[in-house]
Amino acid sequence: MLSKVLLNIAFKVLLTTAKRAVDPDDDDELLPSPDLPGSDDPIAGDPDVDLNPVTEEMFSSWALFIMLLLLISALWSSYYLTQKRIRAVHETVLSIFYGMVIGLIIRMSPGHYIQDTVTFNSSYFFNVLLPPIILNSGYELNQVNFFNNMLSILIFAIPGTFISAVVIGIILYIWTFLGLESIDISFADAMSVGATLSATDPVTILSIFNAYKVDPKLYTIIFGESLLNDAISIVMFETCQKFHGQPATFSSVFEGAGLFLMTFSVSLLIGVLIGILVALLLKHTHIRRYPQIESCLILLIAYESYFFSNGCHMSGIVSLLFCGITLKHYAYYNMSRRSQITIKYIFQLLARLSENFIFIYLGLELFTEVELVYKPLLIIVAAISICVARWCAVFPLSQFVNWIYRVKTIRSMSGITGENISVPDEIPYNYQMMTFWAGLRGAVGVALALGIQGEYKFTLLATVLVVVVLTVIIFGGTTAGMLEVLNIKTGCISEEDTSDDEFDIEAPRAINLLNGSSIQTDLGPYSDNNSPDISIDQFAVSSNKNLPNNISTTGGNTFGGLNETENTSPNPARSSMDKRNLRDKLGTIFNSDSQWFQNFDEQVLKPVFLDNVSPSLQDSATQSPADFSSQNH
């Protein structure tokens, strides 16, 4: 190698000497070899010179090595935190810090190529990192709690996101209109930033909720809101960007609302139809005999919903979210047992890696993006505006939900009891405060900010980036303390996860087939791992008794019927039990609105989309209860 370099230099010297001999007026100087670092080499920091393929491959390898090292550090930190039972700090916060430290080192180092390679790329984010998170969220969605709290979720997600975007947009527009920092943006751009900063991403908080086993109702409301909120924020942002450079008129509001509703509805329909298509393919073919091919096809077809929707100028996130929900509701029960387990863990694995990569990217972006323009006052105003907007979106809407709940319950109970009843709030104040605290922003906002147009693009991008990092660190880092301060109910779900193979979903159904029992259970697509645990002994006893009175939750509470007359003996805890029973009764009344869809689903849709006897049930019916116990270990 050294001899080649020396020969190359000697050849160039001879060539230059001969050239000067022919043309002595030529003042060209000897140029360094491309293989050797010179003043124009990217190693020395000149960004205008292209690398040769070998050097480019070397720098790309170093960039990937750094990213993988950060990812390994984040996952190892997660293991350490889990082992030491440190639940106040989450790995996502550490991922941001790791990214910030390495980003600062890269920024201070000579050269630019590694810095350019690890810079946040919106195309990578939307096409590679975000889809696994959305798909897993829809697939792992607790459908029972989601549909039971659908009203609260929809109110927070749709009107709440709209209120948040409008409040943030108006505050930023007024601030920039004052001209204190020489920034002048249009109202459409201000609304675009408002939509960007309205995209919540409570990954950190929900992970802490899982560790503390927070009340599933609160978890579902925050989780469901964040799912729909991201999709709605993206649709709102794209709608606002269509009015960039145009004067804001009153008719623009109705035009924007129409575009939003059309985009959301068509995207939802695309996702549901593709999910149903997968269910029908699994039902009418024998692909389940080849689990590896089956798992690959399910994953790829699900991804197709995302890219097809984006290609049609719709929302890929909405399509992928509802495709995941439909896959779990219908296609799951047509899969082979191996594919059920494989798909579950593939989705979880990809989502976990993507989440950590995203937070590492956020930390790196603070220092590796050289074009960012930081305006401290604008950042402070933006941070205050998201708090004001979150307050306007949470507390008034919570009171509205409580009012609807109260009116409906009083009307429903008026025929049962003639006396006035005190209806508990559907969303108590401490739950409202926790929902407010869970409104931290995430990488979706940063990725959307990369699409902002105009002269002040990098100023607004820097503002969004700093606000996102601050909310993750401040709100995410103080969540554990807020759970104690607000006295949020924890420990609602057993620590033991006995559903790794998901045999707990189908084992009771197999017992019914073996014993010829006609007991109807809720262990179907509307149930999940958070459903009441039913043991074999309870199953045998409940055949001669009222089943709801014999099912106990992991927390020790019992579900009683409306005509419950047992246990009339004095009990110190009787009053608290009565309150819980009353709340269960009221909840049953309030959630009865979704019963029509469940009946329609059971009687019409499932016979069309599902096998009469799913393959999983066929496999489990040939085994004894002891076999299920042995396979779970």
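Glycine is no exception: its Cβ is also placed from the backbone N, Cα and C atoms.
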Here are some residues: ASN334, ASN515, ASN529. Which is flagged as N-linked glycosylation site in Swiss-Prot? ASN515
THR200, THR342, THR479, THR490 - the residue Swiss-Prot records as phosphothreonine: THR490
Swiss-Prot annotation, N-linked glycosylation site - which of ASN550, ASN567: ASN550
Among SER494, SER552, which is the one flagged in Swiss-Prot as phosphoserine? SER494
Any idea if SER61 and LEU151 are on the same membrane side according to Swiss-Prot? no
Mind looking up the mean pLDDT for the topological domain 'Cytoplasmic' (280-288) in the predicted model? 91
